[in-house]
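A.B. asks: If you scroll down you'll find the structure; I have some questions about it.
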Amino acid sequence: MGEKRKTRQAEVNIGMVGHVDHGKTTLTKALTGVWTDTHSEELRRGITIKIGFADAEIRRCSNCGRYSTSPICPYCGHETEFIRRVSFIDSPGHEALMTTMLAGASLMDGAILVIAANEPCPRPQTREHLMALQIIGQKNIIIAQNKIELVDKEKALENYRQIKEFIKGTVAENAPIIPISALHGANIDVLVKAIEEFIPTPKRDSNKPPKMLVLRSFDVNKPGTPPEKLVGGVLGGSIVQGKLKVGDEIEIRPGVPYEEHGRIKYEPITTEIVSLQAGGQFVEEAYPGGLVGIGTKLDPYLTKGDLMAGNVVGKPGKLPPVWTDLRLEVHLLERVVGTEQELNVEPIKRKEVLLLNVGTARTMGLVTALGKDEIELKLQIPVCAEPGERVAISRQIGSRWRLIGYGIIKE
């Protein structure tokens, strides 16, 4: 058991989504013991800016049968049995950070929509995050009605009715609604049981060519490190298919920017995996699920400060195409989501600049042609993606980018 435990990798990614300050990070801490806001600005402002990952083990008590994430049952003190390891992706709920949430959404196998019981439902980002889940086609959703310690029974029931009304006709229509207090750990066992029942581990084919979406990239060298001690750049993200091994040669697309005749172009790069980290451990092989860190031979200058975020990693010659222009079959929403007042979505116009989220990448696209339910765009930064993939489309309204629909990449 001890040996197996050492190398356990999370097998499913669960997004924590919802309006700013409704308790996503507190709930992640209640489930995992990890406070995911570690960015200095996050601690100062009390909101999540970057995407945080934290793992937890889903366990069941062999004595009382209750679920928890702890080796010893918090309810009766007996040992618990390991079921599976899951990874929580804590997304920003602040409206200015919606595009960051969409990048994380592309890695989610399920989601917990956190809704505070002490505020009217829905709040703007509650609506926006649910729409984001709908756009990416995510149906494995649980609703955590949080902060029930702040309201009386009547208020909690009124809020429950508002939630039921809000989810009618959406992908979350049949989602279980679980009242909890993340702060006091109340009803967390019921939530963990719901995760086990409603967010299954997807069937994955490890024989497919590996593909990893890069969410973060780092230079882990401290200033003043002597040259012989420098280590290569690190890529952080999630494997969506296949597996990666230490020693593998990998290609990164669209790669790194360079200038040619005054224009910025991108060139794919190849490197070797020198180390792999999953679940906080160094491993020889990594699979889909959880955050994976790849140590490479890349110049750390290329990976510092998330410069490689939005790239796709795989075996050389096996990755999807890189697009500098996209043709999309467009599906627009009726109304703009995320704004306090309801606005109708205007049709897309020629020469309009839209923000596109493609996997973990985001890029601006200039609309060059319009057809019936189709548009063509010239991209500011190229993207690596499969034909048929979904792309979230946002438009600038006022000073913010607002989700207005999605597109499907056409050949």
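A Cβ is built for glycine as well, from the same backbone N, Cα and C atoms used for every other residue.
What Swiss-Prot records for this protein is below:
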type	residues	note
BINDING	D21, G46	Mg(2+) 2 binding site
BINDING	D21, H22, G23, K24, T25, T26, N146, K147, I148, E149, S181, A182, L183	GTP binding site
BINDING	T25, T48	Mg(2+) 1 binding site
BINDING	C61, C64, C73, C76	Zn(2+) binding site
DOMAIN	9-203	domain 'tr-type G'
REGION	18-25	region 'G1'
REGION	46-50	region 'G2'
REGION	90-93	region 'G3'
REGION	146-149	region 'G4'
A.B. asks: I want the residues beyond C61, C64, C73, C76 whose C-beta is within 8 angstroms of the mean position of the Zn(2+) site's C-beta atoms, in chain order.
C.D. replies: S62, N63, G65, R66, P74, Y75, G77, H78, T80
A.B. asks: So among D21, C61, C73, C76, all listed as binding-site residues, which is physically nearest to N146 (GTP binding site)? Use the C-alpha atoms.
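C.D. replies: Minimum Cα distance from N146 (GTP binding site) across D21, C61, C73, C76 lands on D21.
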A.B. asks: Determine, to the nearest whole angstrom, how far the Cα atom of D21 (Mg(2+) 2 binding site) is from the Cα atom of C64 (Zn(2+) binding site).
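C.D. replies: So the Cα of C64 (Zn(2+) binding site) lies 34 Å away from that of D21 (Mg(2+) 2 binding site).
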A.B. asks: Could you please provide the mean pLDDT value for the domain 'tr-type G' (9-203)?
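C.D. replies: Overall, the domain 'tr-type G' (9-203) comes to a mean pLDDT of 84.
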A.B. asks: Take the C-alpha atoms of C64 (Zn(2+) binding site) and T25 (GTP binding site) and report the distance between them in angstrom, rounded.
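C.D. replies: C64 (Zn(2+) binding site) to T25 (GTP binding site), Cα-Cα distance: 29 Å.
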A.B. asks: Quick check for the class: what is the C-alpha distance, in angstrom and rounded, between C73 (Zn(2+) binding site) and T25 (GTP binding site)?
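C.D. replies: Between the alpha carbons of C73 (Zn(2+) binding site) and T25 (GTP binding site) there are 23 Å.
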A.B. asks: What is the separation, in Å, between the Cα atoms of T25 (GTP binding site) and C61 (Zn(2+) binding site)?
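C.D. replies: Here the two Cα atoms are 26 Å apart.
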A.B. asks: Might you list, by sequence position, any residue in that chain lying six or more from L183 (GTP binding site) with a Cβ less than 8 Å away from its Cβ?
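C.D. replies: Same-chain residues close to L183 (GTP binding site) (Cβ under 8 Å, separated by 6 or more) are G23, T26, A30, K147, E149.
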A.B. asks: Cβ-Cβ under 8 Å from C76 (Zn(2+) binding site), same chain, 6 or more residues apart: which ones?
C.D. replies: C61, N63, C64, R66
A.B. asks: Taking DSSP states H, G and I as helix and E and B as strand, how many residues of the region 'G4' (146-149) are helix, strand and coil?
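C.D. replies: The composition, in the requested order, is 2 helix, 1 strand, 1 coil.
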